[in-house]
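Taken verbatim from TrEMBL:
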- 50-70: transmembrane segment (TRANSMEM)
- 54-500: domain 'Major facilitator superfamily (MFS) profile' (DOMAIN)
- 102-123: transmembrane segment (TRANSMEM)
- 135-154: transmembrane segment (TRANSMEM)
- 160-184: transmembrane segment (TRANSMEM)
- 196-214: transmembrane segment (TRANSMEM)
- 226-244: transmembrane segment (TRANSMEM)
- 310-333: transmembrane segment (TRANSMEM)
- 345-366: transmembrane segment (TRANSMEM)
- 378-399: transmembrane segment (TRANSMEM)
- 405-426: transmembrane segment (TRANSMEM)
- 447-467: transmembrane segment (TRANSMEM)
- 473-492: transmembrane segment (TRANSMEM)
Amino acid sequence: MLEVSVSKSLLRFLNHHVLAISDNEIMKLTFVPIRKMLDVSHAFREHGRLIYIILGVVVLAVAPCGYHMVALNVPTKNIQKALKAEILRDYGLTISDSAMDLLWGLIVSCQSIGALIGCLLLMPLESAFGIKNTLMLYSNGVLLCGSIFLFLSYNFNTALMLVLGRILVGIYTGLSSALAPMYVAELAPSKIKGSLGCFVHISVCFGAVLGAFFSLESFLGSEAFWNVLLFLPAIFAVIQMVICRQIPHTPNFFLAKDDTEMAAESIRFFYGFEGLSDQELMAKYRSLVTKLPPQLSFRQSIANPTNRKMIFIGMVVSATQILSGSMATVAYSTSMFNSLSIINGLVPLFPTFGALLSIFLTLPALRLVETYGRKRLLINTLIMCATATYLLCFFSLIVKGFNAGSWASFMFFVGFLLLGVGYNLGTGPVSYFIPAELVSPDSVGSALSVAVATNWTFTLLTTFLYYPLNEAVGGWSYLMFAIPTTLCIIFLNRNLPETKFPSLIQSDGVILACNVLPEYANLEESTDSFNYGTI
């Protein structure tokens, strides 16, 4: 009852001050998810073993991604000091502040470079080794190598080792952030697939909390231990590689190879069905997981003019998620606040606070995503993000240019908080699945692949450019987020269709993926051509 009361209070605040939700909608936001909770409760009783396996794998696989997104945030000055000392010792050069800013921007953005490489390696590795082995074995080999490079960077070739280590960590990030949702989709019963999929986002936030906490100077963010801080996710890698030997491949992996005997064994392991023949197990499995038709290639997908347009709109949605300023604040919040002298003693705690806020906002975000309408939620929260970046720009200039004092610094913090609320309430979570919902079911894979590549490309650009730009021009740097976000709001408001509550068949005859039900196979004559739980 306390949880419902708190959630209703938060939603009423959003009603009056942000989103203009009617009282009737608030009731839906409060009580519709209760039915989902009952579904989850029933699923735990029926498939508890399966759910624990999925959640364990997702947390272990995705937490290192969030960890490394924030791990360089707090110990920035300590690592830069080590870089300057090494360059002076080995090359006899004193690196300028502007050159250091560019080098630091490169080191931070190397995770995004690696993530793009990981996206390119995803399908070949998944096709060759399956989702389980790629996610829990081979990608963790990459993470382990990256962790070793980062650990060794303390002693020699600091810049080179940091770049190589961050690229390898990025490859792991690109692989695991895509494979974890695929792993959930291949195993989770349709009724709770969305709820379990949300733990991918929560796991990123959990990893960010760990990274922010351990990066405090009183723990591992000091001059003496920052390399240990960067090595720590290797523990996750070792645990996953050990567990990998205890867990079989997913049923779909064996079904794709026409190995029904091993598929049946896999179903028994994950779902706990006993006393059923192999054929009965197959039927039971197919009744649980989502069905989608075989996926078209990217070239085939864009041959359809409607799909081509929707894939482009999905790319804009993914780009907007980053252009809102989200990744820059995650990677550089410490330097943002230190530059304004905002209660310097508390600044190192801001990354931890931000990650905890993200987890806290997950509850109302999940409800809004399911009941508020995708487009409406995205546009309104993007407006919040754009407003926040304009506030950051204005008050940063006021503080630095006019020495305005604590009130302007406080308003800067309000802008930062507004950006976090806007991103986590809608812009962040809803941008993950809108690209897939815009296209026909057979183009979902292509739409998601392009959206993920777009996301990491803009992450690379913003994390590389923001830091040196902010050091050079101060508050004006926030316009690199405010102006593109404003333009994207105008474009999406005109062109983005609502994907949450449309009719099944659109006027142009395209069946949107958001409307695909578990019974979608009934629309076709043959069910043999369907993949089970692969998207």
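Placement of Cβ uses the backbone N, Cα and C atoms for every residue, glycine included.
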In terms of Cβ proximity under 8 Å, which residues at least six beyond the ends of the transmembrane segment (226-244) contact it?
56-57, 60-61, 63-64, 67-68, 71, 75, 78-79, 82, 132-133, 135-137, 140-141, 143-144, 147-148, 150-155, 165, 169, 214-215, 219-220
Residue numbers, six or more beyond the limits of the transmembrane segment (447-467), whose CB comes under 8 Å of its CB atoms
101, 104-106, 108-109, 111-113, 115-116, 119, 174, 177-178, 298, 301, 307, 310-311, 314-315, 317-319, 321-323, 325, 327-328, 331-332, 335, 435-436, 438-439, 477, 480-481, 535
Long-range CB partners for the transmembrane segment (310-333) (under 8 A, at least six residues beyond its ends), listed in sequence order, are 69-70, 72-73, 108, 208, 301-302, 350-351, 354, 378, 382, 385-386, 388-389, 392, 416, 419-420, 422-423, 427-428, 431, 434-436, 438-439, 443, 446-447, 450-452, 454-455, 458-459, 462-463, 466-467, 470, 478, 481, 484-485, 488, 491-492, 495-496
Cβ pairs under 8 Å between the transmembrane segment (196-214) and the transmembrane segment (50-70), at least three:
yes
When counting C-beta pairs under 8 angstroms to the transmembrane segment (378-399), the leading stretch of 50-70, 135-154, 473-492 is 473-492
Do any residues, 6 or more residues outside the transmembrane segment (50-70), come within under 8 Å Cβ-to-Cβ of it, and if so which ones?
43-44, 111, 135-136, 139, 143, 166, 169, 172-173, 176-177, 179-180, 183-184, 187-188, 192, 196, 199-200, 203-212, 215, 230, 232-233, 236-237, 239-240, 243, 247, 270-272, 327, 330-331, 351, 355
Which residues of the same chain, at least 6 past either end of the transmembrane segment (102-123), have a Cβ under 8 Å from a Cβ in it?
68-69, 72, 76, 80, 83, 95, 134, 139, 159, 162-163, 166-175, 177-179, 331-332, 449, 452-453, 456-457, 459-460, 463-468
Intrachain residues whose Cβ lies under 8 Å of the transmembrane segment (135-154), provided they are six or more past its termini
57, 61, 64, 82, 118, 125, 129, 161-162, 164-169, 171-172, 175-176, 179-180, 183, 226-228, 230-234, 236-238, 240-241, 243-244, 247
Residues from the same chain, set at least six apart from the ends of the transmembrane segment (160-184), whose C-beta lies under 8 A from its own
54, 57-58, 61-62, 64-65, 68, 79, 83, 106-108, 110-119, 121-122, 125-126, 131-132, 134-135, 139-140, 142-143, 145-150, 152-153, 193, 196-197, 199-200, 203-204, 230, 233, 250, 452, 456, 534-535
Given the model, what does the mean pLDDT over the domain 'Major facilitator superfamily (MFS) profile' (54-500) come out as?
87
